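*Asks:* Below, the features straight out of Swiss-Prot:
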COMPBIAS  1-10  compositional bias 'Basic and acidic residues'
MOD_RES   ALA2  N-acetylalanine
MOD_RES   SER10  phosphoserine
COMPBIAS  11-28  compositional bias 'Acidic residues'
MOD_RES   SER69  phosphoserine
MOD_RES   LYS116  N6-acetyllysine
COMPBIAS  132-143  compositional bias 'Acidic residues'
MOD_RES   SER143  phosphoserine
COMPBIAS  144-163  compositional bias 'Basic and acidic residues'
COMPBIAS  346-376  compositional bias 'Acidic residues'
COMPBIAS  377-391  compositional bias 'Basic and acidic residues'
MOD_RES   CYS388  cysteine methyl ester
Amino acid sequence: MADIDNKEQSELDQDLDDVEEVEEEETGEETKIKARQLTVQMMQNPQILAALQERLDGLVETPTGYIESLPRVVKRRVNALKNLQVKCAQIEAKFYEEVHDLERKYAVLYQPLFDKRFEIINAIYEPTEEECEWKPDEEDEISEELKEKAKIEDEKKDEEKEDPKGIPEFWLTVFKNVDLLSDMVQEHDEPILKHLKDIKVKFSGAGQPMSFVLEFHFEPNEYFTNEVLTKTYRMRSEPDDSDPFSFDGPEIMGCTGCQIDWKKGKNVTLKTIKKKQKHKGRGTVRTVTKTVSNDSFFNFFAPPEVPESGDLDDDAEAILAADFEIGHFLRERIIPRSVLYFTGEAIEDDDDDYDEEGEEADEEGEEEGDEENDPDYDPKKDQNPAECKQQ
């Protein structure tokens, strides 16, 4: 046994001597290549990987395990960084307050354009020929002959039809074109929304708590007496003292609707149901009429009330979360770009954005799948342990 051990030791010493001689002859680049190869071999060894994992698990058993293992003096410096982060959040809050001031300032500049939009939609103003000229995209351009033919056809149709005023059902069409809004609109809501003339957004004044109001302007109708229905959203743009690191810009904290003065028998947010009840003793049957809530877009103006404690049940929380999303979408997208949602162009742009991301993901998946299905594919050839992407 001793002779075998001595022989193995001798062979090992010889191997080491050979390695030393080779290393003396190799260039620095060759040494790097060998180091890479050795690293690859080590990382493919299950025993080595298991040992490394065990060591890492012991060092960092929880996400904060490493932080807890730091010396006290280092922890103090980390706390200093956290205090700096809080100050960054406070500056960011100030930034968003100034953005809100800019929104209010530019809302005044946008308003004359929105006023003219309102007048065109509601047949108060008839745009001139020059204002109606629109150069289509290159792919939409057609020959002069086809243009003339289309013009003649349009004139014939206009003669056959009664002359429409403004742009009929403008806002209803916008709502029906947008999934987020069309899901709210029921069939019994549509006749009412045909009377919707305009939607406006009003920002809180300087020095007031951050908020905005959505105004829905209606023409006189047979359903309610209100000329304007409002929805007010209260916002906060400051870090929460209890969790300052969660601050990520202004957030909607609550909302208030308005009372709709429905005309008799026209309240679409309620419905009457009839229920038969059988008397247990006598066996007689009676019909009971009961009024219950009904799905409707106009429930948007009666959001759940948030108690002072702030505690809400799951249903109320879900309703408010959806409500906030809708309010934000109306303010940021629908009101400024309504004509593009009316024509569907804004929706196509949104779909294109999602399609591009989806196509990229699909292409990546196809490439990976092709490699795996290729019998000649060798995953080791793709490994490059020398590269390290910087985050």
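Cβ coordinates are placed from backbone N, Cα and C, and glycine is handled just like the others.
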*Asks:* Would you kindly give the Cα-Cα distance separating LYS116 (N6-acetyllysine) and SER69 (phosphoserine), rounded to the nearest Å?
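*Replies:* SER69 (phosphoserine) and LYS116 (N6-acetyllysine) have their Cα atoms 66 Å apart.
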*Asks:* In sequence order, which residues at least six apart in the same chain have a CB under 8 Å from the CB of the residue listed as 'N6-acetyllysine'?
*Replies:* TYR125
*Asks:* Run through the Cβ atoms and count how many others sit within 10 Å of the one on SER69 (phosphoserine).
*Replies:* 12
*Asks:* Secondary structure at SER69 (phosphoserine) (DSSP, helix/strand/coil)?
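*Replies:* For SER69 (phosphoserine) - judged by DSSP and reduced to three states - the answer is coil.
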